[in-house]
Every structure is written in C-alpha cells, then in structure tokens.
Ligand code: ADP
Ligand code: ZN
C-alpha cells in the first residue's frame, strides 16, 4: 500500500498516521520527524531546516525532495509506505511522481484530512510532545494521564516552538497557498479520499 496523508498543520495527521501504518504494516515517513531528528542531532540538514521551521515556513524543496527519494529506496519501503507531511508543494508532488515512475510504482491513495481553521488553531496550540519518545498529546482532546508526563515513557512533555499561536497562523497561510493546490492535483488523478478530522 502506497499512501500519502495530506492535511493542514494541526489536523491530527500524526494520530491518523499511527493507525494507518499499524493497519497496513508499512513504514511511516514523516518529513517533519526527519527534520526534528536532524535538529536534535545537530546535523547540517537540521541546522538549515530549523531556520525555516521556527518561522512556520516550508523547508526548500531541494532539501526535502532528495531526503524522501533516498528514504523510498530503503528496504522496508518494498512493502509500501505512508508519506506524512510530504509532498507539501506542487513541485514536491511532481518530483514524487517522477521518482515513483522511475521505480515503476504507483500511489494507491491520497488521504486528505479536512478541518476548519478555528479548529486547527485550537488543536495546534493544545498539542504537546514528549521530549524523549516523540509521542503526541493534546491538553484537551487527548491529555496524558498525568499532566505534562508522557504515558508511554514518563518523559517530560513540551510545546513545539512552531506550535505557538503566531507561527501556527503563518503555517496555516503557507498551507493554503502552497499545499492546498495538491488536493486538486490528486483529485484530477482520481486518488483523493476525503476524511473529516472531527469524526475520528
Ligand atoms: P505539521 O503537519 O503539524 O505542520 P510537520 O511535522 O509535518 O508538522 O512539519 C513541521 C515543519 O517541518 C513544517 O512546518 C515545515 O517547516 C517542515 N516540513 C515538513 N515537511 C516538509 C515538506 N515536505 N516540505 C517543506 N517543509 C517541510
Ligand atoms: Zn514519551
């Protein structure tokens, strides 16, 4: 199964993603997670990506595309994959098509999570992440059993820098302008499956 998960920031893509990869036994490829790991490790990629991420802007296409291309050639992707947070621009979508074409592969579906803007802001500002294992929580919709402590590993929870309200508004604007056109792109290919985030 080769899937893409599309949706605005704070739509709950992470939660959806966990359920989908479990169901199909495929690797979860999140470009946001790849960048965060690199930031934590202090790599050159991480240092570059952070300057964009902290401002709520997209990391330049040429950095993102090569990372995903490399990842798709790894052994575990033979079973398929779930791309989460990629593609995020039309040129990323086109580059992915080219790459899959070269590999002789086709996408099965693009799952598009739909959510209203007010809900997005509320979801994003309430989001908390475990500093040790990366599990995500929401102070209102899916709180941990103990405040600020990860259920999974006991780690401390924190708010991502790019989940602060001004950055979120910026990220939503970026989504509307740069990512939303992909819905049309994949609708024309007959691949879109719309999912209402609130029904989950
Ligand atoms: P969310 O889905 O909540 O926006 P992500 O974890 O997917 O968060 O991404 C966090 C940040 O990482 C984005 O705001 C952006 O700066 C960067 N990023 C992730 N994926 C991409 C991508 N495909 N292209 C450009 N930037 C990306
Ligand atoms: Zn944890």
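Just so it is clear, glycine is given a Cβ too, placed from its N, Cα and C backbone atoms.
Source: prediction; values computed, not measured.
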**Request:** Among 109, 171, find me the residue TrEMBL lists at the same AMP site as 31, 36, 57, 58, 59, 85, 86, 87, 88, 92, 160.
**Result:** 171
**Fill in**
Within 8 Å of the Cβ centroid of 130, 133, 150, 153, the other same-chain residues by Cβ around the recorded Zn(2+) site are 131, 132, 134, 135, 151, 152, 154, 155, 157
**Message:** In the three-state scheme derived from DSSP, which category covers residue 127 (ATP binding site)?
**Reply:** strand
**Request:** Spatially speaking, which of the binding-site residues 10, 12, 130, 137 is closest to residue 57 (AMP binding site)? Use C-alpha to C-alpha, please.
**Result:** 10
**Prompt:** Should we count any of the binding-site residues 31, 57, 88, 137, 160 as near ligand 2, judged by a CB under 6 A from one of its atoms, and which?
**Reply:** none
**Item:** Where residue 153 (Zn(2+) binding site) falls in three-state DSSP terms
**Value:** coil
**Item:** Listed binding-site residues with Cβ under 6 Å from ligand 1, out of 12, 127, 130, 150, 153, 160
**Value:** none
